[in-house]
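Here is what TrEMBL records for this protein:
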| type | residues | note |
| --- | --- | --- |
| ACT_SITE | Glu291 | active site, proton donor |
| ACT_SITE | Glu489 | active site, proton acceptor |
| BINDING | Asp159, His199, Asp207, Lys404, His409, Thr451, Asn490, Ala491, Arg527 | substrate binding site |
| REGION | 1-27 | region 'Disordered' |
Amino acid sequence: MALSMTHQIGSLAGTPIPVETGTTNSSETTASLSAASVWKSPANSLRCRVQKPEIVDALSPPVSPCRSPVLGSTRADLSVACRAFATEIEVETARSPAPVREYREEGAQVKGQGEKGVPVYVMMPLDSVTMNNTVNRKKAMNASLQALKSAGVEGIMMDVWWGLVERDAPGAYNWGGYAELLEMAKKHGLKVQAVMSFHKCGGNVGDSVTIPLPKWAGEEIEKDPDLAYTDQWGKRNNEYLSLGVDTLPVLKGRSPVQCYSDFMRAFRDNFKDLLGDTIVEIQVGMGPAGELRYPSYPESNGTWKFPGIGAFQCYDKYMLSSLKAAAEAAGKPKWGSTGPTDAGHYNNWPEDTSFFRKEGGGWNGTYGEFFLGWYSQMLLDHGERILMSAKSIFENSGVKISVKVAGIHWHYGTRSHAPELTAGYYNTRFRDGYLPIAQMLARHGAIFNFTCIEMRDHEQPQDALCAPEKLVKQVALATQKAQVPLAGENALPRYDDTAHEQILQAASLNIEGNSEGREMCAFTYLRMSPHLFQPENWRKFVAFVKKMKEGKDAHRCLEQVEREAEHFVHVTQPLVQEAAVALMH
C-alpha cells in the first residue's frame, strides 16, 4: 500500500506518522490526521467577499456536492490528498499526469521588479542528499515538492555540502544527488536557492545529521590543528576552516578560498543550464552554520549554552600572527601577543567579566577598540575575498548572490553586546556593527540574509536583555542606508500564527525613512518536516504564504485570506486524487 504523504514526509526526519488503519512503524507517533482539525466551519458573521480561484487542470473533475468547498458541513480529510500525492509518485513511471496547478487568487503573480509581496522559499532537510550522493527518500521528496508548489511557495533552499560533493579527493566532484534533486525542483516549477555549504553539519541548533568537511581537508587539519578556529583555552573548532588561512596553500597546495572558488566554479559549469531559471540564488557559506561569523557559541559537547556570551576565536597561530602584525602597525606591539584575557568563559554573562561589563569594561577602552576593530575587520575581509570570487564566477549567469548573517539577539540590551562581539560583529550601544557588513555586501551587489525574523522581544528571557525585534529593526535600517536588499529566515521552527504575524510585520520593513514601499526581497521558511505537513500547521502555512505574497499594501481582511487558504487546501484534494486514481488503472 502506498504510504500517505505524512508518512512520506515523516520519513524525511525519521518520524513515522500513523494513518487511519492504526498501523504504525515505531513507538514514536505524532497526532493522527483529523478532518475536524483541518476544516473549520465559516463564521456566520463573516462578511468578506470570497474570490474563487481560477484553477485549470486537464485532470480536474467537476466538484461534487460532497466536496464543495463552500459547504462547511462536509470536509475532506487532508490525509486522502496526502495519500494521493504518494500514490501518484509511486506509479509516475507509468504515466506523466498534468501537474497540480499552483493556487493563486486573482491578480496574484510571482514578485518581480516593482511588484509587491514577498516570495516564500522553504528550507529542505539537511540530509536531502545522502552520504552516497543520492536523493534521500525520493518518493517523499517528490510528493513534498509538489505540495509546496501547489501552496504557492516560490521555491526551496538546499544545502550543497562541500563535504559530500568533494569528499574523497581534491577536485573530484560528485554532483549526483544534487543533479537529481534540482531536476525534481525544475519539474515542479520551483526555484532554488543553492547554499554553498563549506561548513560541517552537526553541533549547532537544529542539526539533525553529521556531515564533516571533506576527508582530505580533515587530514590536513589533523596534521596542522591550527587550521581550525581556536579559543584561548586551546579548544579547537573544526566546523569551518580558520579565516586566518584563507589565502595560504594549506589544503594540498590550494588555499581555502581557492577551494571554495573551484567548488563554486564546478557547480556553475555543471548546472549552467539551470542557472537563472531554476537556480536563482547562490548563498555563499562563510562560517559555521553557513553564516558570516566566528564559531563563538558552539553547542557541541555542551561547550556553550544559551544565553552565554561565547568566546573569541582568534588563538590559532595564523590569527595570532595577523594580530601581532596589526598591533605592531598600530605602534602597540604588546597588544599583539594574545586576545583579551578577561573576557570570561562561554557561559558567562557580560557583568561577570572585566572586559564586557558596562562600567569601565575593556571593550570601551583603547585596547578594546583596537582588538575589536581588528577582529571584526578580519571577518569583513574574509567575506570580501569570497564575495569577490563568487561575483566573478556567477557574473552574467542570472543568479543573485547572498550572504547569511546570524541573529544574535541575547544581551542586545546591554552596552557591550558581548555575544555579538565574540561572533565578530562590532556592534555596541555606541557603534553600528551591521552597517559595515551591509556596505561590504552592497559593493558586490549581494543580498543581506538575516535570521530571527520570527521572534518577539517578550518571548525571550528578559533577564538576558534579549531584543530580537530591535535587532531586526537595526539591521533593516543598516540595509536601507547601504541600499542592499534584505532577505529573512526564521531562526527556529515555528508553525503558529503569532510567529507568522511577526514575520509578516518584519518583512514589510515598516521603518523610519522607508518611503518607497520597500519590503524584504524574499523569506526562507525553516524547514520542511513532518510537522509542517500536519493538517493544522499546513492550513496556517498556506494562509501565511498567501499573505506574504500579497504584500504589505494589501487591504483584504484576515478572515478572507484564511478562508481562501482553506478553500485551496480543499480544492486541490480532488485534483490529486483524480490523478492518482487515473494512474492506478
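Think of each number as a place in line: the chain as shown, counted from 1.
Glycine residues also receive a Cβ, built from the backbone N, Cα and C atoms like all the rest.
Bear in mind that TrEMBL entries carry predicted annotations, made automatically and left uncurated.
Remember, predicted model here, so these are calculated numbers, not experimental data.
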Entry from the binding-site residues list His409, Arg527 having the most other CB atoms no farther than 10 A: His409
Cβ-Cβ distance under 8 Å to the residue listed as 'active site, proton donor', same chain, at least six residues away: Lys404, Val405, Ala406, Thr451
Chain-internal residues near Asn490 (substrate binding site), provided their CB is under 8 angstroms and they sit 6+ positions away: Thr451, Cys452, Ile453, Glu454, Ala499, Ile503, Tyr525, Leu526
Closest of Asp159, His409, Arg527 to Glu489 (active site, proton acceptor), Cα positions, binding-site residues only: Arg527
Other C-beta atoms that fall within 10 angstroms of the C-beta of Asp159 (substrate binding site): 24
Local Cβ density at the residue listed as 'active site, proton acceptor' - other Cβ atoms counted within 10 Å: 22
